[in-house]
């Protein structure tokens, strides 16, 4: 089973399925969805043992949040939503749960065959994005 430290590093997006549908379900407008679909971001995960930081970096936009596992915090998402978010590490996966305006979404990051697999779920819409480690 993976540990938080095994998720640490720079990861590059290599495959994406269902991202437009997920963004639509979250409430992202068409213009931002088109831009989001074109982006091939790097995901940079760092941890000092207590705090976790996730930075999503592309030529179009860079977003970052830091948190302590198990503690709720306010996150500003790439599309500008303000969410109440909590991250936990459960069964070898980093689970990020967001709530805003009576809605909720869960983003799970886990290792599969040496790749970072990110699964985003809202209602019955699921998006899977696969990243390969670059450093």
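Just so it is clear, glycine is given a Cβ too, placed from its N, Cα and C backbone atoms.
The feature phosphotyrosine is assigned by Swiss-Prot to 22, 131. Residues or ranges marked as motif 'Nuclear localization signal' in Swiss-Prot (evidence: similarity to another entry): 24-34. Marked as N-eicosanoyl ethanolamine binding site by Swiss-Prot on the basis of similarity to another entry: 43, 109, 131. What Swiss-Prot records for 120-127 is disulfide bond, and it gives similarity to another entry as the kind of evidence. Annotation source Swiss-Prot lists (9Z,12Z)-octadecadienoate binding site at 129, 130, 131, citing similarity to another entry. According to Swiss-Prot, the hexadecanoate binding site annotation covers 131, on the basis of similarity to another entry.
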According to DSSP, which kind of secondary structure is residue 127 (disulfide bond) found in, if we only use helix, strand and coil? strand
Starting from residue 127 (disulfide bond), work out which of the recorded positions listed here (22, 43, 109) have their Cα within 10 Å, and give them in sequence order. 22
Taking helix as H, G and I and strand as E and B in DSSP, count the residues of the motif 'Nuclear localization signal' (24-34) in helix, strand and coil. 8 helix, 0 strand, 3 coil
What is the total of other Cβ atoms whose distance to the Cβ of residue 120 (disulfide bond) is within 10 Å? 22
Around the Cβ of residue 109 (N-eicosanoyl ethanolamine binding site), other Cβ atoms within 10 Å, all chains included, total 23
Three-class DSSP secondary structure - residue 22 (phosphotyrosine): helix
Count the Cβ atoms, other than its own, that fall within 10 Å of the Cβ of residue 130 ((9Z,12Z)-octadecadienoate binding site), considering every protein chain shown. 18
Sequence-ordered binding-site residues within 10 Å (Cα) of residue 120 (disulfide bond), taken from 43, 130, 131, are none
Using the Cβ centroid of 43, 109, 131 as the reference point for the N-eicosanoyl ethanolamine site, which residues of the same chain not in that list have Cβ within 8 Å? 7, 11, 13, 45, 54, 116, 117, 118, 129
Neighbour count first, Cβ atoms within 10 Å, every protein chain included; then name which of 22, 131 tops the list of recorded positions. 22
Listed in sequence order, the residues of the same chain lying six or more positions from residue 43 (N-eicosanoyl ethanolamine binding site) whose CB sits under 8 Å from its CB are 10, 11, 13, 54, 55, 56, 57, 116, 118, 131
Summarise the model's confidence over the motif 'Nuclear localization signal' (24-34) as a mean pLDDT value. 91
